[in-house]
Every structure is written in C-alpha cells, then in structure tokens.
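Report on the following structure.
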2 protein chains.
Amino acid sequence: MSIPKQINPDLVKERESATFDVEEFSAWIYDDINLLQMKRLVEEELFKDSPDPIELDYLSYEDVYNRGVKHSADAFNKLRALQERLHPGGTEIYPLLMSGPIGMALMPAGSPLAVHILMFTRALRSHGTPEQYAKFGRRADNCEIIGTYAQTELGHGTYLRGLETRADYERKTDEFVLNSPTLTSYKWWPGGLGNTVNYCIVVAQLYIDNEPMGVQLFVLQVRDEETHEPLPGIDIGDIGKKIGMAGVNNGYLGLKNVRIPRTNMLMKNAKVLADGTFVKSPVSQLNYFPMVYVRCMVVLGNCVLHAEAATITTRYSAVRRQSPINPDAPEPQVLDHLTQQMKITPEIVTVIAYRLAGGKLYKMYEQTAKAVSRSDYTRLPELHALACAMKASCTYDSTFGIERLRLSCGGHGYLASSNLGNLFAWATAACTYEGENSVLYLQVGKILLKTWTDVLNRKQLMPTMAYLGVCASWNEFPQWSGDWKCLVEALQFTATNKTRIAYKSYNERLKRGLTEPEAVNATGIELTQAAELHGRAFIANTFYEEVTLQERIKKRSASLNKLLENLLELYLVHTVQRHMADILRFITLTEDHLTSLQNRLEAVLAQLRPNLVAICDGFDFHDKVLSSVLGCYDGNVYERIFEAAKKSPLNQKAVPKSFEQHLKPFMKSNL
Amino acid sequence: MSIPKQINPDLVKERESATFDVEEFSAWIYDDINLLQMKRLVEEELFKDSPDPIELDYLSYEDVYNRGVKHSADAFNKLRALQERLHPGGTEIYPLLMSGPIGMALMPAGSPLAVHILMFTRALRSHGTPEQYAKFGRRADNCEIIGTYAQTELGHGTYLRGLETRADYERKTDEFVLNSPTLTSYKWWPGGLGNTVNYCIVVAQLYIDNEPMGVQLFVLQVRDEETHEPLPGIDIGDIGKKIGMAGVNNGYLGLKNVRIPRTNMLMKNAKVLADGTFVKSPVSQLNYFPMVYVRCMVVLGNCVLHAEAATITTRYSAVRRQSPINPDAPEPQVLDHLTQQMKITPEIVTVIAYRLAGGKLYKMYEQTAKAVSRSDYTRLPELHALACAMKASCTYDSTFGIERLRLSCGGHGYLASSNLGNLFAWATAACTYEGENSVLYLQVGKILLKTWTDVLNRKQLMPTMAYLGVCASWNEFPQWSGDWKCLVEALQFTATNKTRIAYKSYNERLKRGLTEPEAVNATGIELTQAAELHGRAFIANTFYEEVTLQERIKKRSASLNKLLENLLELYLVHTVQRHMADILRFITLTEDHLTSLQNRLEAVLAQLRPNLVAICDGFDFHDKVLSSVLGCYDGNVYERIFEAAKKSPLNQKAVPKSFEQHLKPFMKSNL
C-alpha cells in the first residue's frame, strides 16, 4: 500500500472554493506573523527525522518511557542549537517544545522533562533568592540537573492547606527534617518524578517548634547524580498507567527523616532565619497570580488540541462520502449533510472564540504583571475571576467538543491512528489540573457575590465586571433587535440576573443562620451557573469587538472581514441558543424571534460550508502535529488507515501463537 | 502495602444511613430475583481464579490478544460446565459471558469470540435454511468453528446499500465468485476477524449476469481449520490499535476471486436457484426488526457501564475528604459538597430511568416478535422509532455521563486503575456501532413527520405516539401545577411542538421545490431535536408509571416506594430543567415556577444524599466487575491505588535503562 502523491480531488475542490486568503487568516489567528514563521522554522528543524508515531502505539509501557527520555533529550538539543543560531543566550523557544503541539508531535505520550522545563526552572526563578538561583536555577536551566514540582499528594489535590508532608526546622543542625507522616501524604502525580528527576521542589507544611507556619517550598535532591539510585529515606516510583500521557512519568514520593539544609527552603518571600524566626511573605495577595499565567497557557493549549481535532474531522468529512441524499444520486461528502455541519462548524468557531479571548486574557495578564511590579494589585481579582472562568469553560468545551468531533468521524474515529483519542486524553486532563473546574467556578461565584454588593452600593466596578452594573440598572431588557450587540447584551443581561438570583439565595441562607461558607456551598449550583455565564459573556464580547472595531477592520482585507462576520454570527447565534433556557427566564422572546434565530443558524452554516477546509488549513498544523490518518493535508485517508493497520504486531506473522496454544485445543475439544 | 480487612468507616456510616432495604432494591432493579441469583452464581463460578486486571495494563498489544483468546476459551468452558449443571442442553447463559459486565470483568479489553457468540451463531440461525444450520450452525454453536459477521467496509458503515464487495453467480460451476474490487471495499471492523476466526458471514452485493440483486449474506471459510493459514485469495489481518477493546481483534478482509458453492448464500429468505433465478425475500418489512433487539441490548449494556461508573464515583466520593466547608472544620466527604451531589445524583437517576425504559422496550420487543410471528407488523414502526431514539440518547448520555463522573473523581479518575477510562472507551463505541446516533435520530424524525400527517388527518396513532395527538389538540398547555404528571406532560407537549415546527419547516422546503430527502436533510437539526424529545418523553413517562401505578406500588415496601418517589422527583425536575429552553418556547412559566423547580432540585438532592451509597450497592456489582481501585466495596481506596502503582514495570528496578543510555549522557553534555 503506497500513499498517492496527489491531493484528494475533494480537498482540491474545497480549497478552490475558499473565499478568503488562508495565509492572511493564519497571520490573523496567530496574531503575529513572526510567531507563525518561527513556529514553521522550529517545525522544519525538529520534524526532519522525527519518529513515526504509529510505532509508539505498540511499544511496551516501559519502552514508551525510555523513548520519551531519548526524544526529549534529542529535541532539547536540537532546539538549543536552533535557539543559539537565532537568539544566542535566550531561552524563549524551549517552552514551545515541551508544551505546545510541536512537543506533542515529537512525544505524543508526553515528555518526562516537561515539568522540569515548565515549572521546576520557573519556580526556582520566581521563589528563590539570587543565591538559590545561582546554586540550583542555573544548573536546572542548563539541564545539568532535572527536577519537578511536587505539590499534590495521594490524599490532597485542590485543597493546598490540607497537604500533610511536614518540614520540621531543627535549630541545632540548621536543617529541615522532611517526613510523609501518612500514606495519604505521599506526593502523587508530579510529572517526571517517577524515574526521571534527581531533584524536586517539595511543597510541605513548615513547622518550627511544632508550630505550623503554612505551606512552603523546599529544594530536595531525590536521586544520586552519578548512579541515579534513590537517596536514603526516599521512597520514589512511578504511579502506573493512566488514560493518556504514558510518557510523562508521573511519580510518587514518600519521605522518612530526610534532612536538607535550611538554605534549601525557597526564601524569596517567606524566610526562616537560623535562630528559627519565621519571616512572613510580604506579598500574600500575589499567591494566586502565577496561576493566572498557567491558566492562560491551559486555555491556549486546549484551544490547540480542539483545533487539531476540528482540522482532522473537517478534512475527513470532506473526503468521506456516504448516504446519498436523493436516492440513486451519488453519495455526497458527509460535510454536505446538515447534521454533520452542525457538529463541526460550531466547534471550529468555538476554537476561534477561545483563541481570541485567551489572547486577550494573556494581554491583560501582561499589563497586570507590569502593574504588580509597581505594587498595584487592583485588577488582580477580576483577572483571577476571568482566568478561572475561562480555564474551566475552555477545558470543558474542548474536551467534550473533541469527543463530539471524534464521534462525527464514525467508526474510524475510534482507531488510535486517527489521533483523536489521544487529543481527548490530553484535553480532559486539563479539566482537573491547575484547578478543578467546579472549584474554579465557585471561586468566580464568590467574586461575583462580592461584586454584586458593590453593584447594590453603586460602587465603581472593575472594567470586565462593569456590565453587571449597567444591566442591573435596566428594569427590563431593551427591545430585541437581534443584532450582534443585542445578542452580546442578552448574554450579559442573563449573567447579571443569574448573579442576582444566586446572591438572593445566598443571602436568604445567611438569614436562616448558615455561615458564609455554608451558604456558598448550599448555593453552589446557582453560583457555578452564574460564573459560567460571566465567562461566556466575556468571550462573546471579545469576539464581537475583534470583528466590529474599526481599527481592527481596517487592518484586514474585505474577504477576511466577511469571513469573520460569518464566524461571529454563528458564534453568537449558537451561544445564545445554547443558553436559551436562562435567557428566556429574563428576556421575553416571541416565536418569530426564535424562528429567526434558527433561520440565521441554518443560513450561516450554509455560508460557512465552502470555507471550512480552508479555515482549518489556516490553523496551520503540520501533518506531524496532527499525526492522524484521517487528517492529513493530502486527504489520502483510506491508504493511510491501511498503512497504519499493517504495522500492527499481529500482522507480522500469518498465525498468532495463541492459535496452537489456546484456540485450536479449545475448538478441537468441542468436536 | 497490604489492604486492610476492615470496611472504611465512612462507607459503614453511609450504609447505616440508608432508609431502604438494599436487597429489595436489587430485586426491583433486576426485575427478577431469579436473574439476580443466577448472575451471582455465574460470578462466583467464574471469578474464583480469574486474572488480575491491573496486569493486563502492562501487556504488549500482542499478549493482550493472546490472553483474550485463552480467557475466552477458559470462561466458555467453565460456563458450559455450569450450563450443563443447571440446564442441560440449553444455551441461555452464554451471552451473559460475552456481552455483559461479567464478560468485561474477565476480559476488560473485550473478547475475540464475542461476535462469534453474539452475531455469527445468531445470524446462521435467523438467516440460514435448516440444511445450512445443520452444516454450519451446529458446529458454530459448539465452537468447532469460530466465525464473525463481516458487514462494514473501509468506505462504508452506515449506508448498507453502498457496500462494494461483490458476489457474482457463475452458472457453469454453481458457485459465487467473491471480490473486493477497491481498497474501500475491504471489510473493516468485524470483531475476531483479524487473527481469530476461520469462518465468517460476508455481506456482499449479489450479482447475477452482472445485474445487481441487492445485499445478501454468504458463509465463507477464511482460514484452514488445521493450520489457521489464510486460504488462497484471502487478504486478512488486524486493523490495529483502537481507543479501547484491544482484545476484540477487529479485522480486515480483502477477497480476490474467492469461490464458494451456491449453497453458501444464506437462503432462509431470498434465494438463488441453480439456473440463476433470483427469488426475492417475502418479508422485506422485517429487515430492521433484528436491529431492534440489538438496540435494546445496547441500551441495557450501556446502562450497566454507566451504573458501574456511578458506583465507583459514589463510593470514592464518600471516602474522599477534601476542602473544609467552614474554615478550620474537618474536611468533609466530598459527597457533602452540593456541586458534587449535583454531578453524581442525576447520573444515578439517569441509569435507573434507562434501566426501566430499556426493560419496557425489551418487553415491547418480545410482544412484537410474537405479533410478527402471526404476520402482524403494525407496531414495527413505533418500536423501531423508540429503539432508535433510546439507543441514541442512552449511549450519548452514558458516554458523556461516565466522563463527567470520571472528572468528578479528580486526578485519581485519570489513573487506568480507576477503570473509568475503560468504561468510557466501551460506552462511547456504542454511540457509533449498531446505527450512528444522528442517523438514528433522523430515522425517528422521518417517522415523526409521517405521524404528524396522521395527527393532522385525525387518524388513529400508534400507542406510544398517541400523546402527539392529545397534545396537538390543546390550544395551550393546561395550568402548570408542577406535579409529576404536569412535568411528564410538559415534555410531551414540547416534543409535540418540536415535531410541529419541524413539520412546518419541512413542508415549506417542499413548497420551495426541494425533494423529500433534500427537505429532510435541510430540516435535520430540528428533526433530530424532535426525535430526542420523543425518546425522553417516553423515558419520563415510563419512570412515572413505574413509580405511581397502584399495582406496582403494592408490590413494594413503603420505604422502597419513598425512595423511588425521590428518584422520580429528581429525574423529572432535572430533565425538565435540562430542556427548559424548548419548554419555555411553548409553555409560559413564571419566575416563581422556575424558582420552585430549583428549590425542589436542591431539596431532593438533600433527601437522596444519605441513600446514594446504598443505591449503588443495590446495583449489585461484584468487585471484580467494577475492577476499580476507587470503587471497591470496602472503600480502602488509597491502599489499592498504591498497590496498583507498585505493579508498574517501571517500579521493578531502581534505575531505568534509559538513565545510562540517554538521560545521563544528556545531563553530562550540559556541564
């Protein structure tokens, strides 16, 4: 079976039917032509002689890990060479490797060095003193030592203050003594911890004279640098098979009277002095600020996974032909079935909406970081609320969106070689890590409760919360014009009223004698709903502004503007329909209004139909990134499915060994 | 690490708090105390010395298959011995092994013999003549030969008439010549086809004198009975790794001038005579009747998967403690967080609703089968519509429900040893096989269109469609009392109006000149929505009748009746809230009505809270069936997680081989 050199004619036709310039779209969605070009350069360099992902499907668990180590080291070396060629001395393209789609293409099962690059080195820089950075950080940046960030335990994830690992300060030796006092206090999950790292940052409860001083960070060597043997008192290993990410080498760690010098506690903020004096961190407001950055990255990362799945599904749906519409007519591309368009097009437009809102959130983070460096913390709560709401809804939408896309590929979506299962396994993990989604929504809900008090007291609101004050001042929703502004305002008005209702329920509970946290728990359903809508109103408004602001319009060609108008139209109509149960509670709509929305939905699906393949081309995924027999640029789907099947170990000999051993004796015994 | 002998005290407390008798609940949900006892007997027999599922996690792809063959043969032998002991000569308990939860416990990756038992032997009986049964069926029943059912092709799944495999009749030899004329005509997906079967039924286009005679079934030997070598002209193999079900051995098959005698076409219905005369099947209405049976089985099967996930999650949520509600209070069971109850309880109640509706559907199938044997086909369309709608919504709800349950277990739900990933992989496959869900909904939609014409013409409607006529006669929804009957009627009224609207859109399209199938395609979104609601109204009504009919109430204790009332209350309130966008389109509800529903939701969640663990106990899953470190009956979760981790191959030596090979050279190169 050889793969044809030609592009599948259906895909040729699709590309010819596009009404816009794909390269202009790519530069727009990457928001930076330089970033796009850099990405392509890195891909070219790294994919030159990269391994075939299909083979990974059949490696043993142990060999997936061993290959992960090898490929991570090789890729890091290549990338370092490239970095030196392009920007000597910099480090900015390393994260490109370990997190984004390029890293996943090289290591579809994840990398045991990812947490080292993304968290260990960053934490040493952000939490260590200059001396500590000189001692550990430089070696870590240089990969002379490999570390991880050991926070979660077998018994605790979300609730940081519940961690049980202890670090007791001992004055006479000027040391901390680290212990895992219970089974549930074992560190559990850190990437690379199992068999890869020789150092880690341990998050533990600091005790001085048996008095708890809160959670602190400690640098700990866990394995010998020469032999890699675990050091005394260290019980360390792999946590075993997971749904995905077999290469990440998540590990466990138990500690028994392990001693480290006092100077191994990261002391940029809080400090322990030699006499046992504890000096508190001066900037406790900042505790959750680094998480905002990570949550931006999670949003953008899950966007990429979702976009990959949309690209694979769209291309396959343009190639696959099935079920004639009129009997005896030829079978159409499945993309011509309306139900298929309804499955795919909203996912594409959701990707774009999150890409825009994630980009805006990241810019807000950068501005706020500057403000913070001037000790201006005013915008932290609103940024925190947005990052929580967006992280929760984006990871949820992408996870379930990828699965719906996979299902819309029919049986072949169930093949490992479609890569859709792997994308799902990555996306869904993000619903849990970096803040479990329901917990995040509850945090947003609490901020909304506080903000609603400000609304009632007519205080000034934070910019991204200002709509709550505006909408609260309306007795009822203004006349329904149905235009884009109206649809965005309908979402804002609904978010406002959901907040009002949750606030009312919460206050009734306080009056009935519940404590504030009890009332929050009891109002949890309504609060999470309000929080979700707050996030969705922000996403819708960001999309609306991007498409309608004159200064943005002027930078784009007319054909691209037309495309974006269609995408916005679909996004708003579809989002409003999706939240119609809440909207109709607060806004009266007639049968004509509702029929009109359905007609607009169907009309814009038809408008977008000829551009779907081209939009996905514009996401600019390298075939090695998609790594899918269904999603290749050339559309030679069936040949690739067959080629992948041929690699199954069960196809390497005519008769499997179990035939003589088990099957034949079984059949013969029945004669 | 040893597993404690005691039951976790939180689970002890939960079981003591139950307000009903678990054994009575089990007998009720199994609908037959004998069935329940038979199930327990089979479990006891088969699980005595069954393998540890954790070890399967680390086998190579090839060994998963080889073990699947061994365990299938062993289990079949044990079961045959049991069958002979209990009911000599019968076969009724074999399907228990190969499909249900017991089979999954023994072969978590699926069995390469499953399609043999479930489809090959059945098809020989239902489509073969007595002579053909004597020749092939008896040997198949006895496992002297192993077969599969080869229908889907690389290029065709849903659309049966599009199959490309050819069977040309050749008069002079009285043979069929079988061919796969294209790459896309390769058979693809049949279970066991890859390396296991030596026979199969091939579904192919019959040609006589180059004239197409439609799709027929042919018995074909594919491998030598002694050597298991593929026979001449047969290109056969494994289709490679999938998202789940690694043990099912799905295969491909290409044919090149393979000859079989004329008598190998299954001729119970259609026939080819020796002179080449084609005799049509007299009962073409029956083509889709066997599928009704299979779809009942899919509904009940996915119910089981969903119930397993609910049991695992509920037990874990009773054991897991996290995040104090009041600061400095002890951490509560996560099941005491309202948001967690909102994630779990609706899934439990959904399982029960589908169990009831699936059971009712199966009884309707049995009645209809009797009618069909009297050549009475009147109820086929309504049964077909219900089976399609239920199969689609049950597989969808269970798939996404299992994933939401898994997410509500936090990080540990991502461990393979939770078994939740495996349950998801099984459940989601059922969204695609036995009729892709959207295609099924469209078929229901088409039946609804026809039925609406009958409504307009005031014709008599089929019993499960009769509500459409009743609701159509109301000018508006009767006064909203909010009681259960009102909630069921609200769903029926909404299904009726969604049908009315879809019918209107469809007719407008016909008037604009579209053909009927084009109009169906263009109305696809509204038709699938109407179809889904039709199914949901049936499920809600079935649940309502079960709980409220006097003859049913009398058979149960007061405490069980009280429990079922709470379950119904939650199901109806939650389902109505979920479809509120559509309901509010047709029924005017006040703010008070909506607030009341939310209050009822929160109240009944609290009522059900003390019974959740006991309800799941009542599903009566053996620990070996759940096969989950999070879900064991004794609740010793953390010890089991650790025990499973210790089995990772990466924990069998202190230093992995990649350290000296790759990691150390990499780190040293950076010095």
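Placement of Cβ uses the backbone N, Cα and C atoms for every residue, glycine included.
Automatic, uncurated: that is what TrEMBL annotation is.
As the structure is a computational prediction, the values presented were derived from the model and not from experiment.
According to TrEMBL, the protein has these features:
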ACT_SITE  A:Glu434  active site, proton acceptor
BINDING   A:Thr152, A:Gly191  FAD binding site
DOMAIN    A:21-146  domain 'Acyl-coenzyme A oxidase N-terminal'
DOMAIN    A:288-449  domain 'Acyl-CoA oxidase C-alpha1'
DOMAIN    A:483-668  domain 'Acyl-CoA oxidase C-terminal'
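Between the binding-site residues A:Thr152, A:Gly191, the minimum number of other C-beta atoms within 10 Å of a residue's C-beta occurs at A:Thr152.
Helix, strand and coil content of the domain 'Acyl-coenzyme A oxidase N-terminal' (A:21-146), in residues and according to DSSP, is 91 helix, 0 strand, 35 coil. Checking the recorded positions A:Thr152, A:Gly191, A:Glu434 against chain B with a Cβ-Cβ cut-off of under 8 Å leaves A:Thr152.
Distance noted between the C-alpha atoms of the residue listed as 'active site, proton acceptor' and A:Thr152 (FAD binding site) is 11 Å. Its Cβ taken as reference, A:Glu434 (active site, proton acceptor) is surrounded by 16 other Cβ atoms within 10 Å in the chains shown.
Model confidence over the domain 'Acyl-CoA oxidase C-alpha1' (A:288-449) is summarised by a mean pLDDT of 95.
For the recorded site, A:Thr152 (FAD binding site), the DSSP three-state label reads coil.
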